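Asks: Have a look at the structure that comes next, please.
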Amino acid sequence: MKKIAIFAKVHDPRALAVAEELIEWLAARGVTAHVEEHLSKRLRRTTLAESSESTEIAADADLVVVLGGDGTLIAAARLVGERDIPILAVNLGSLGFLTEITLDELYPSVERCLAGDFEVTERMMLMASVERSGEVVELHRVLNDVVINKGALARIIDMETSVNCRYLTTFKADGLIVSTPTGSTGYSLSANGPILHPELECISITPICPHTLTNRPVVVAADSHIAIKLNYAPDESVFLTLDGQVGMKLLSGDVVQITKAAHVTRLIRSRSKDYFEVLRTKLKWGER
């Protein structure tokens, strides 16, 4: 590996300090670090790193290192896009279901990556589009979830949902979460959605505060085509949020289409813990 892209939480002094140390450590080993321009402006020593626009940082990188929390990783995963580059995610945040590498593991983990000695877990992603009057007006790839949510003063939304062109139900709820297994421990979990092992190939559909109490989360096959048609009064506000980071206002009659993405996010595994240990630790299972 000769080129490593670094994404860091730019408003976190700790992440900036670690990024500076890592850039120097890599330079001493003949490895070029590549950082985003807005990150480069916040680093004190930038001569050892190359910088470019966020969308180009991973263009020809051999590895991506993420320094921050799950939000930083999710943003990086979208920018990596179709390149299938392995991502080493280091947890400098709080919860960190996805960033399972600890700071103490950073340099040993990078050493192994440079030597080609690492394992990856592949996380499925979703493609979400918004169709308006027969035309696609938005198209995005997501790692965690696609969320339809009503505004503060809006009434319950009618969301006519079909799977593979077969009618499922019309959810009458505050919103709907369509999640990957990776995203099942995010917003979906707060809405009583199922916890899905991240290596499963499936999609969960979870209503938010449904009017009908028997509306429960539904899990469908990963290759399913999910279509959600919205119906609500024109003076109400309904929003689409992708991975909690990209959003847009929806209109009544819009159809949100969701399918499995062609590419995956490749996360480097921690050598010191497995997924169930992460669950126990983060959710504090077994504690009183």
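Glycine is no exception: its Cβ is also placed from the backbone N, Cα and C atoms.
For reference, Swiss-Prot lists these features for the protein:
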type	residues	note
ACT_SITE	Asp70	active site, proton acceptor
BINDING	Asp70, Gly71, Asn144, Asp145, Arg155, Lys172, Asp174, Thr185, Gly186, Tyr187, Ser188, Leu189, Ser190, Gln245	NAD(+) binding site
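Walk me through where these features lie, including what they touch and how far apart they are.
Replies: Secondary structure at Asp70 (active site, proton acceptor), taken from DSSP and collapsed to helix, strand or coil, is helix.
Here Gly186 (NAD(+) binding site) comes close to Asp70, Phe97, Asn144, Asp145, Ser179, Gly244: these same-chain residues lie at least six apart in sequence, with C-beta atoms under 8 angstroms from its C-beta. Following the DSSP three-state reduction, the secondary structure of Gly186 (NAD(+) binding site) is coil.
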Asks: Hey, what's the widest CA-to-CA gap across Asp70, Gly71, Asn144, Asp145, Arg155, Lys172, Asp174, Thr185, Gly186, Tyr187, Ser188, Leu189, Ser190, Gln245, the NAD(+) contacts in the record, in Å?
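Replies: The two farthest binding residues have Cα atoms 32 Å apart.
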